[in-house]
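> My questions will all concern the structure given below.
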Amino acid sequence: MNQKVLFIDRDGTLINEPPADFQVDRMDKLALEPGVIPVLLALQKAGFRLVMITNQDGLGTTSFPQADFDGPHDLMMAIFTSQGIVFDEVLICPHLPTDGCACRKPQTGIVTPWLKEHALDSAHSYVIGDRETDMALAANMGITGLRYQRASLNWPAIGEQLTRSDRHARVNRVTRETAIDVEVWLDREGDSRINTGIGFFDHMLDQIATHGGLRINIAVKGDLHIDDHHTVEDTALALGEALNKALGDKRGIGRFGFVLPMDECLARCALDISGRPHLEYKAKYSFQRVGDLSTEMVEHFFRSLSYAMACTLHLRTKGKNDHHRVESLFKAFGRTLRQAIRVEGDTLPSSKGVL
């Protein structure tokens, strides 16, 4: 699994950088940046791995003896460790700018061996540092840089930015029969835009968005001149994949989630975002179509969705009106999905340690 990693500068970011000589070479110069410990703990709980990466000009020379560096550095590391903060690696470039090395930030030489041994989630990994060289390093690594500033983008602000939920994914699926673009935001509501070419199907998908408390954009070009099969099936596959991607590592989600009455109908939906696709479905219809949607495609939609989303889904409905039967299933699924994707903590809801 790809890992979310924070590559963090030391001087001026984790600890104060002395303005006189820019060297932390005595114990009395060591001072942690405000709020760094509780924020790093929160970021670790949110699933981030930590790597320290620092330039230390002339380390090991007469201008900056190794022993002068080791004392304050070892104390800093001991403080972090005592508070439960673990750095996977501490990467130090000891060279001067004039040495022309490949490991000095913003060059990536110092981090390349680490990257070769670890799968990086580039979309959710960051370089955090107080200098332009840190931002250039982020650009060279193809990840986002966060410019630390004590007065503005400080540790509490960084923690808020990186732990705030805005789970999002986009899937583009193109086959000989359909071209589908699906975009989902699990933590935003309203302003969904859905156009599959099947009016009643659009209405049903909007029920998932509305009752699921999420935003869904779906644009479909399908072979409706033949029938609605490929359009419904491929939309379900793309939507399921997008939901699965947006959930990320699933840390902190409710995972399980509902009985929904609608007029004369009673719909039951049970959902487990388990990583194991399975559908149990029970519904009977009086007619072959509801509006411009084939009723037989309702089961096929949820089967394809559960497969692509990798979830276990149980659905059943009873009632007298086909429109209400179908709509009750989509609404019940939306309400159940709302429960299951809600972030309730910071641990993975599985005794196996993986979903």
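Placed from the backbone N, Cα and C atoms, the Cβ positions cover glycine too.
Owing to the predicted nature of the structure, the values given are computational and were not obtained by experimental measurement.
According to Swiss-Prot, the feature active site, proton donor maps to Asp11. According to Swiss-Prot, the Mg(2+) binding site annotation covers Asp9, Asp11, Asp130. Per Swiss-Prot, Zn(2+) binding site is recorded for Cys93, His95, Cys101, Cys103. The region 'Histidinol-phosphatase' annotation in Swiss-Prot covers 1-166 and is backed by sequence analysis. Under the heading region 'Imidazoleglycerol-phosphate dehydratase', Swiss-Prot lists 167-355, citing sequence analysis as support.
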> For the C-alpha pair, I'd like the distance in angstrom between His95 (Zn(2+) binding site) and Asp9 (Mg(2+) binding site), rounded off.
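Cα to Cα, His95 (Zn(2+) binding site) and Asp9 (Mg(2+) binding site) are separated by 16 Å.
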> Using the Cβ center of Asp9, Asp11, Asp130 as the Mg(2+) site position, which other residues in that chain lie within 8 Å, going by their Cβ?
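My list of surrounding residues reads Arg10, Gly12, Thr13, Leu14, Glu17, Thr54, Gly129, Arg131, Asp134, Tyr148.
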> Given the recorded positions Asp9, Asp11, Asp130, find the one whose Cα is closest in space to the Cα of Cys103 (Zn(2+) binding site).
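Among Asp9, Asp11, Asp130, Asp9.
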> Where the residue listed as 'active site, proton donor' and Cys93 (Zn(2+) binding site) are concerned, what is their Cα separation in Å, rounded?
13
> Express the predicted model's confidence over the region 'Histidinol-phosphatase' (1-166) as a mean pLDDT, rounded to an integer.
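Result for the region 'Histidinol-phosphatase' (1-166): average pLDDT 95.
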> Cβ distance under 8 Å to Asp130 (Mg(2+) binding site), same chain, sequence separation 6 or more: which residues?
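Expected: Asp9, Gly12, Thr13, Glu17, Arg147, Tyr148, Gln149.
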> Go through Cys93, Cys101, Cys103, the listed binding-site residues, and name the one with the sparsest Cβ surroundings, counting other Cβ atoms within 10 Å.
Cys101
